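Sharing a structure with you now.
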Amino acid sequence: MPPYKAGLKRKVTSDKKSDNVVEDKQDSSSDNEIEDLLQGDLDKESDATDSEHEQEDDGSDGERDEVLFDDSADSVLEEDPQSEESIDESSDLSDSEDNESGDSADDDESQPESDEEQSADSGAETGTAPSASGSSDESNKKNQILKNENEKSNIKQASTKKKALKQRQKKKMSSIDVLASKIQEAKVSTEPVQQKDEYESGDTSDEEDRVNTAGEVPMWWYNEYPHVGYDLDGRRLIKPPQRDHIDEFLKKCEDPEFWRTVRDPSTGQDIVLSKEDLQMLERLRQSRVPSATHDEYEPWVEWFSREVLATPLRAFPEHKRSFLPSRSEQKQISRIVHALKMGWTKTRKQIADERKKKKERQFYNLWGAGGQVRAPRSLPAPRRALPSHAESYNPPPEYLLDRREMKEWDKLSETPWKRKYTFLPTRHASLREVPAYPRYVRERFLRCLDLYLAPRAIKMRLTINAEDLVPKLPSPRDLQPFPTSEVLRITGHEALVRSVDFDPSGQYIVSGSDDGTVKVWETSSGRCLRTVRLGAAVARVAWTPALGLSLVAVALGRRLLLLNPGADIGAHRVAADTDALLAEPPPAHDVLMDERTSSCVQWEVVDAEQWARGVRVAVAHFKPVTHVAWHARGDYVAVTLAEGAARAVVVHQLSRRRSQLPFRRAKGLVQCAVFHPHRPLIFVATQRVVRVYDLVKQELVRKLQTGAQWISAIAVHPAGDNLLVASYDRKLVWFDLELSARPYQTLRLHGGAVRALAFHRRYPLFASAGDDRYLVVAHGMVYNDLLQNPLLVPLKQLPGPERSGELCVLDVRWHPAQPWLLAAAADHTIRLYA
Amino acid sequence: MAGDTGEAQLQVRFITKQEQYAVSDSPYAIQSNVQSVELNTLLNALLKENRPSFEKSVEFDFLICGELLCTSIAEHLQEKGLSTEDTLEIEYLERFPAPSPQDCLMHDDWVSAVHTHGSWILSGSYDNSIHIWNTKGQHKLAIPGHTSPVKAISWVSFNGDQAIFASGSHDQSAMLWVWNVSGNSVDCVVTCRGHEKGVECLAVSADAKSFATGSWDTNICLWSTSLSDEDNVPAKKKQKPDQGNTREPMAVLKGHREAISGVQWMDFNTVVSSGWDHLLKIWDCELGGIKQDIAGNKAFFDVDWSPLSNSLITASSDRHIRLYDPRSTDSIVKTTFTSHTGWVQSVRWSKTRDTLFLSAGYDGFVKLWETRSPKTPLYDLSGHEDKVLCCDWSNPTFLVTGSCDNTLRIFKAKHATGNA
């Protein structure tokens, strides 16, 4: 509320006070002061507005005043362009505001003036007003005069208004009441002006043909005029002829349309309500929707549904808010979830379940375990045997006891547990006639006792197929080449062949036989190229591995002979070199042997006759030589003597013609001694144990327990890390020296004593032979990878020679380059398998 | 016909490349269980029908799908996986007539090498001697000279009265000999020394200007066959008139890792060799390098090259004979011939027929093979009582074999009339 209005109200109340309480207002100075103040305020206000107008355009001031306050018809013409101008100018917002404020100021002015006029009516303060306004400057004097004129005219108007009011209210109110009601009225009328939409009136005025342009002014302003306002063209709207009560009555009687005739307060015209209007009124009275065409129950179109429309109904995009989860909702939900977690609240489902559970009836489980914890796994009672035919009520006749059996039954009455049955098979004509079993309860009881007292245990059994235990071995077909058949049978010896060997290139075969000969054969054809008669049974032949030498070590009784097989065997140059090398012994001072050695070993001087026969070196021992093994370089020969005890192993050095006894004490009955292929180790096989000695450090490196009863032969893998041991008790024992001192694998491939075995130098093959008819060829793959164990696959049983006496095959050898196997047989032959 | 319900009828058509035996190519219906004997009679009847002049019956061999018919047609087709519905084309050719044993030449020791040229047979023996025979079985000459078993022998050239031959022995030498035919005197002209181990095989080039020897020392040596060493002929003659002069090899081909078992000339400067190291090597003699390696999986015992069929035939240590085509990039064996029960020590191509070859095995059999019949040889030439060590078919008429039973056998191959 603006301040002047507040002041107005105050004044009104003070007026009331003064009117109600005191008659003589001049005494109370304070009141006067207030009034003065108020008046001054008011004046200032009016001054201010005026000054504003003056500031705008001074020239038009007088005109304006005239327009505003002159009620002559002429001035209307003058006013029109002004108003039009103002409308034109009202495109500017401030101007229009000015206009409005001016209008409102006019209204406000008019009200206090009317108030003043009313107060003047009371005749109280007419004198004070000029004095107050007298303080204003000279420029306002003209206004003042005009105002005064206005006041006069207003007074006039007020008087006419007063009359009209008096007519309306029929003098039933006191003057004070009238004043109050007037004030209220004025107040009521002022309010819509302030709240009015500036476009509303214009809109409505366009629609009506006969429009009052007077505006929202109280119609009683026009009470004293013949017109009620102005139409759009500015012409006066002439009031229709006034009718008194009689006219009204007459019209009521005469006019059939009277009942639906109403007076338009703005124009004063009578309007006959049309039928539609009446219907609308009727509907309004029934508090229904005014329009009859409006269908309240038309089908609902759900424009805004969850369906996503191809074209949105609303042009603006969804608000950002709609995409963001609500923070407050989130808080609320988290609070609920927390409460659920903590168990402070329960979901509806839980509550429903609880309620349901409460409704269910609880029964005691009579047959349950009874709370006591049983053994983790109960053992089922042993099944009883199913009833036999004898237990039938109508057993077949053969189950019924005949007389003899009855006699026996009776005889065993003292010892009923020896009886055939625990019951007597009886025949009944039908099931009906079967009597109750008298021992039923007792037997049940005994059974229960048995179950209760007899301890039981579950026997865990593993079912393993025999095939699963057999290791998966590759097929022999994938492990070719290996010898598959006999290709050459070399005959020529007259007694059993004790030993065979290939020369390092594989061109020749040397064989030693019991007929006292050493023969050299051509491998490819089996042609005998040389025969050396030595006069005694040859126990062992071994070709030197040295490529630059042509020598064969022959064990002949107690002697070890080194033969040069002949000038035409092998390369002539090599043979000649060998002869030249061995022609004369090295100087004697170099050959120093201790007494122990010299007592058992004698390096003989080879005479001319022996030299012609091919003998280049001869060494005599104190015991018969059973085994000869060359060192890989060909300089050393390890000789095993039969029953030599501590001196059973003798190592001869060829280049220096010197012998050594590596062992001081006898560890057992030495079977054979073999050099390691490339390290200074010697393998010595006694009856059951293989010992590995380091020749440089002169110490025992390893002791291999074979598990065999009597070792017959040993063979070292060409790589040196694996050892194969043959025994007379039909076993082949494979040792992986890297793995352990225990046998890696024990092979039982033979039906008789195993006498000979050999590793192939190039192919992963080994062969063994013995007193049974078969030679066994096996695949023995040794991997460089330390993590991979050797792979042993028996490949082939080669049919060997027929047994002659107890013996069958005495020695086997592999060809140095080809997968060919040579066997010395007891039937005087040598056989080559390829 | 009604009785033969179990046997299917076959539509066959006879074709041939030998025009003198051509018959009309109209198809004939025959039983599927017929064998080559029945086909022979049928074909002879057809020939007689067509040509009244045709009197003597001819033996034919029948080729079905490139393989010689040995069993009945039905079995043969089943083996090949062919249908009996289609019209079958049977190619026929005159059968190679069976060689007949002609002579048996006794030696003192095993016969290790043999070679024929014209009517002269040269044989080497384990008793270090060389023998010259004629095809009628007359012993012309025994030549001692080597100090070890003679392992290889070959005629070099016949020049009127003068015949040259070469021999290789285990005494690490090869010798060039000149034989005066009319005078029946032989002279060792050159001793070729260069090998460090025994000479195992020997081959003379086609132009007879050089020969190659393979040895146990894994080398192949190439030698000249010229009788005279230009630089020091007189000096040598004076020094050793009986032994002749020694000679160094023209070239040494090194590459094998094991003994060389066979060597043959493919053309004037290409040599093929087989070794115990499972390799066939083809050498360029001029460059002295290896042209091609063919890897087998068994040790090779012999190799022979046929210029007619451009293929190699090898004997190896597993009883099988293999046919290699050196022109194929990989060592795919074209055919494997399996019939011997022992090692095959020697194989020789026919010089006139590109599909025939001879093999000698340790099972005592000499077999005559047709390359289109890998399972069955054409003929087994029996007679030897021990391992057969060598064979030769240089003279197309005579098949000569030497064996461990100290004999050299001559089989006479009758000329097929079609080839005459």
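In case you wondered, yes, glycine gets a Cβ from its N, Cα and C as well.
Bear in mind that TrEMBL entries carry predicted annotations, made automatically and left uncurated.
Not my notes, these are from TrEMBL:
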- B:10-77: domain 'NLE' (DOMAIN)
- B:143-177: repeat 'WD' (REPEAT)
- B:192-224: repeat 'WD' (REPEAT)
- B:253-284: repeat 'WD' (REPEAT)
- B:337-379: repeat 'WD' (REPEAT)
- B:381-412: repeat 'WD' (REPEAT)
Let's see if you can do this one: DSSP helix, strand and coil counts over the repeat 'WD' (B:192-224), in that order.
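Looking at the repeat 'WD' (B:192-224) with DSSP, the answer is 0 helix, 20 strand, 13 coil.
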List, by number or range, the same-chain residues at least 6 past the repeat 'WD' (B:192-224) whose CB is under 8 A from its CB atoms?
148, 151-157, 164, 166-176, 246-254, 256-265, 267-268, 271, 273, 275, 283, 285, 302
With DSSP, how much of the repeat 'WD' (B:253-284) is helix, how much strand and how much coil, in residues?
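Helix, strand, coil within the repeat 'WD' (B:253-284): 0 helix, 22 strand, 10 coil.
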Quick test of the contact rule: Cβ under 8 Å, at least six residues beyond the ends. What residues does that give for the repeat 'WD' (B:253-284)?
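The answer is 197, 200-207, 212-216, 218-222, 290-305, 307, 312, 314, 324, 326, 331.
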What are the DSSP helix, strand and coil residue counts for the repeat 'WD' (B:143-177)?
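So the repeat 'WD' (B:143-177) is made up of 0 helix, 25 strand, 10 coil.
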So what's the mean pLDDT when you look at the domain 'NLE' (B:10-77)?
82
